[in-house]
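Q: First the structure, then my questions, so here it is.
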Amino acid sequence: MRRAAVLTAGSWGTVFAKVLADAGARVTLFARDRAIADAINGRHVNPRYLADVRLPDLVRATSSPERALRDADLVVLAVPSQALRSCLVEWAPLVGPGAVYVSLMKGMEAGSSRRMSEVIAQAAGVGPERIAVVSGPNLAREIAVEHPAATVVASASAATAHAVQAACWTPYLRPYTNADVLGCELGGAVKNVIALAAGMLEGMGFGTNSLASLITRGLAETARLGTALGADPMTFAGLAGLGDLVATCGSPLSRNRTFGEKLGRGMTLDQVLAEQRQVAEGVRSCRPLLALADGLGVSMPITRQVERVLYEGLPPLEAVKDLMSREPGPEYRL
């Protein structure tokens, strides 16, 4: 039986632990809060996230990373993107020599503009054949209640991708494989920024035409950056590109969209940060993404305006006006 460690017990980590167990793995979920671990072991629920969803008996929890990682052949990482490097400094020495790291994170490291798989490779000292990325339209709440969904498992190693695919294939989650790790990660990171903009539109009271235009043009700037970095353009038409973008921009379950909606209603960045418990990755990813784009001469006007709203105090309506007043041009350009 496959043994998986999932770190940590946030909403997506908890749900993915359920997925792995439903697919037949023995799972140890690391919860920093011992009370959460005790509740999972005693009542089979995570009382902080998804308290009404029963976890399988194959899911056990611990507040000890050493116990969680002992004998694990899959190490699933579900932590805030900006905390990943410091977490791996502590955890990587506890990981077995043949274990595969699986990233559930969709963000970019501030300062370095590195993708999560790059941070794992550097901080844990492992090759790309031991790293996989899971990305797609995967709102945790919907998967928790077993609404049918699909996802992508990307790895530089076909064997690794297929192994992780088999480990998370259930009657309600259908995983596909992809060799384009860069494209899958980039799609997940940029869509969080676009979802912030989608929330702003909702908060300002705009309608379906506005949202559809934003999603489509957001996909265009994602593809421009991805192509410049060497990603496969087809990736952005798939689950890790368009699929993730549609789900995150359109659902009230999306924390990035919810965050943006509050900005659109007039709250400041500091006010929303103080109110919203869960991490909105797009807030921290927009600047690293822009640094990448600027270095390559790639235009990302939506991401630029989101950054201005977040960090320069630009009113969201002014950001919309700026986007709409840009010089017209062809729809397709690289």
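Each Cβ is built from the backbone N, Cα and C atoms, and glycine gets one as well.
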Q: Would you identify which residue of Ala68, Ala140, Ala220 Swiss-Prot lists as part of the NADPH site it also attributes to Ser11, Trp12, Arg32, Lys106, Arg255, Val279, Glu281?
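A: When Swiss-Prot describes the NADPH site, the candidate it includes is Ala140.
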Q: Return the residue out of Lys191, Lys321 that Swiss-Prot annotates for the same sn-glycerol 3-phosphate site as Lys106, Gly136, Asp244, Ser254, Arg255, Asn256.
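A: Candidate in the recorded sn-glycerol 3-phosphate site: Lys191.
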Q: Spatially, which candidate from the recorded positions Gly136, Lys191, Asp244, Ser254, Asn256 is nearest to Ser11 (NADPH binding site), comparing Cα atoms?
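A: That would be Ser254, nearest by Cα distance.
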Q: Looking at Cβ-Cβ distances, which residues of the chain lie under 8 angstroms from Ser254 (sn-glycerol 3-phosphate binding site) while being 6 or more apart from it?
A: Leu139, Ala195, Gly199, Ala247, Thr248
Q: Could you state, as a whole number of Å, the largest distance between Cα atoms of any two of Ser11, Trp12, Arg32, Lys106, Ala140, Arg255, Val279, Glu281, the listed NADPH binders?
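A: The two farthest binding residues have Cα atoms 22 Å apart.
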Q: Would you measure the largest Cα separation among Lys106, Gly136, Lys191, Asp244, Ser254, Arg255, Asn256 for the sn-glycerol 3-phosphate site and round it to whole Å?
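A: So the binding residues stretch over 15 Å, Cα to Cα.
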Q: Among the binding-site residues Gly136, Asp244, Asn256, report those whose Cα falls within 10 Å of that of Glu281 (NADPH binding site); none is a fine answer.
A: Asn256
Q: What three-state class does DSSP give Asp244 (sn-glycerol 3-phosphate binding site)?
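A: Note: Asp244 (sn-glycerol 3-phosphate binding site) is helical by DSSP.
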Q: Looking only at Arg32, Lys106, Lys191, the recorded positions on record, which one has the least crowded Cβ, with the fewest other Cβ atoms within 10 Å?
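A: Ranked by other Cβ atoms within 10 Å, the recorded positions Arg32, Lys106, Lys191 bottom out at Arg32.
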